[in-house]
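Report on the structure given below.
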Amino acid sequence: MAAGSHGGYRGYEVAREREHDVGVSRRSKEHYHHRHPSRHRDSERRRDGGRSGGRELSNGYSHRRDSPRPPPRRRPSEGRTEDREPGEVSGGSGSERSGERPMKTGEPRENGVTRVSKEEAKMSPSKKRKQSPVIWDRNGSKRQARDPVRGIREVDAVVAEIIMHQSHSLPVMSSLSSIGDGHSPMILDVSVDKVQEYEKNRIVDEEEEGYPTMRNILTSRWADAGDEEENVFVPKKKKSVSPVDSIERGSTKKVTSPESGEVLVYNSVRSSSRSSDSGVLQGSANRDLEVEKGDNIDVEEAADDDYPAGHLLDSDFEGEDCRSETPECTRSPRRCINMLQGCRSVDEFERLNTINEGTYGVVFRVRDKRTGEIVALKKVKMEKEREGFPLTSLREMNILLSFHHPSIVEVKEVVVGSNDRDIFMVMEYMEHDLKGVMETMKQPYSQSEVKCLMLQLLEGVKYLHDNWVLHRDLKTSNLLLNNRGELKICDFGLSRQYGSPLKPYTQLVVTLWYRAPELLLGAKDYSTAIDMWSLGCIMGELLSKGPLFNGKSEIDQLDKIFRTLGTPDENIWPGYSKLPGATVKFGKQTHNRLRDKFRAVSFTGGPMLSEAGFDLLNRLLTYDPEKRISAEDALNHEWFRELPLPRSKDFMPTFPALNEQDRRFKKHMKSPDPLEEQRMKEQGNNGDRGLFG
């Protein structure tokens, strides 16, 4: 090798076994390699001279050269060559057309380095081994993939090439620490000026190469669809390292070709950076961290699980020029409540009057002193809670603060009183509830008005079900109206998030008049179908101006349902006989009498409903939960497209808001509340204990 002619250069001696025959087995090669460990010194220091730096292996330690080296001098070669394995002698420019045959034991050596003759330097095209994979750079030139098992000898070859290109040099003694066991310090015959010039040329070459760009989580497939702003990509710089210093580098894994949007870090130690602006982890190239948007994930804990202690640092790279920054991206406005700012005091609101008092709390009409806006203030009942915050109110706050839909009442914030037991929810003010409006009306809603209200109600329920939430207490008193014709769903005290597969829940949900038959019969595995049954009851109540099934107990409620819709059986409702309450004997009713309540043409002034409208009502009140219509299918029903068309919100009837005195003396025919039923059963004050106790 050329390094031998400039005394003082001695490379590492690595035993490499050559395959002399194509048919020699791998075991024979390993046996021969074990018996002759001193043969075939490493004379391939000039192999792959024109390739860029890659990952190198020496004595079990991986070393990385962060930059390419200048191409070596091409030599004419003759003769035939054989197949090459990783680590074998190669000649020429290091391209796939060059190689060397195995060395013989009797060949001369200089300074411990075996020299290869020109006749032995060329390989036969027929026996040339195909090298893969092939990497194409930006200029269209083909480069061979880096060999991950090459040792530190490539670094020696870099210095050897510098010496080979100079005619006069200044001897420089570089005492380097040995890399691994069995290696001694190297004596380098290098010109200081040449090394500095080589580093400058290499930095220029690095700037001409294409580098992968950094990218944050906002541009990944997990980002919001509304975040369509143009993200700025900041290219990551490399730190130039001399060939001698690269020997002492720590290990790092080889980076494969990046996919679009993949974050690559070319640092010499395994580290990761955490952007303080976006809270997104940007790890090393062999890590693939994906943070799903919307999940409450502790970034610090996620990082500690994947990286050892001391490796999660803010921009933990070598030098300021190696620091990668995640640019700030403007996000679209979203539903977000900053709880860290603290809650406002209830004293910042002026009380006007009391709106309603129910099972879950008292509702006041107040004015915000800061903005002058009229809002509703709902006080959470805490006197019966001994173990902390009420679970029903906690669920309601959690759901309403995370939802934003025109058909769902908006919770603006949570405020506190003088002590920790006075908790209030600030909600948008709605003048009426649907039940109170219907009781003040002299005539029921027309079909066009019912269509307008049902469309808004179905859109809100569809939004809940699409977000895996069951309301479980839909009724006319939980539907709010304003004088602009808008309907909003409220009172999420019994709502629950559900998943797949379904989990068993309590059957004591939904106010009795709007409770689905599977709940009345004791089913604990239920889904969105229970809300759709409630919508059917509400639709019938809107058309008739009265409750559809006004039972006084669970048995009475089932009896009224069966008398109207017919008694179910296994043919109508598969699985009916397996329900706990199916053992109770009810009167046999074979016909569906629902049509008798809603005539297509009425001469007596009763509620009218077209054939399409009756079909929708009948599908909402289907016994089998699996066959009951969904909110999405109900929105696409033909009843909403036939005449008369749904009335516009602006033309819906308006009513004056009731004052506190009118509400106090107003007697509502209220249906039993599910929570009151449970309390009465626990206290043993309910004479009719229903089907289950």
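Going from the start of the chain as shown, residues are counted 1 onward.
Placement of Cβ uses the backbone N, Cα and C atoms for every residue, glycine included.
As written in Swiss-Prot, here are the features:
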type	residues	note
COMPBIAS	1-10	compositional bias 'Gly residues'
REGION	1-148	region 'Disordered'
COMPBIAS	13-24	compositional bias 'Basic and acidic residues'
COMPBIAS	26-39	compositional bias 'Basic residues'
COMPBIAS	40-54	compositional bias 'Basic and acidic residues'
COMPBIAS	75-87	compositional bias 'Basic and acidic residues'
COMPBIAS	97-122	compositional bias 'Basic and acidic residues'
REGION	236-330	region 'Disordered'
COMPBIAS	268-284	compositional bias 'Low complexity'
COMPBIAS	287-296	compositional bias 'Basic and acidic residues'
COMPBIAS	297-307	compositional bias 'Acidic residues'
DOMAIN	349-640	domain 'Protein kinase'
BINDING	I355, N356, E357, G358, T359, Y360, G361, V362, V363, K378	ATP binding site
MOD_RES	T359	phosphothreonine
MOD_RES	Y360	phosphotyrosine
ACT_SITE	D473	active site, proton acceptor
MOD_RES	S500	phosphoserine
MOD_RES	T506	phosphothreonine
REGION	660-693	region 'Disordered'
COMPBIAS	670-682	compositional bias 'Basic and acidic residues'
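The separation of D473 (active site, proton acceptor) from V363 (ATP binding site), Cα to Cα, is 18 Å. Distance noted between the C-alpha atoms of D473 (active site, proton acceptor) and I355 (ATP binding site) is 20 Å. Around the Cβ of I355 (ATP binding site), 21 further Cβ atoms fall within 10 Å across all displayed protein chains. Ranked by how many other Cβ atoms sit within 10 Å of their Cβ, the recorded positions V363, D473 place V363 at the bottom.
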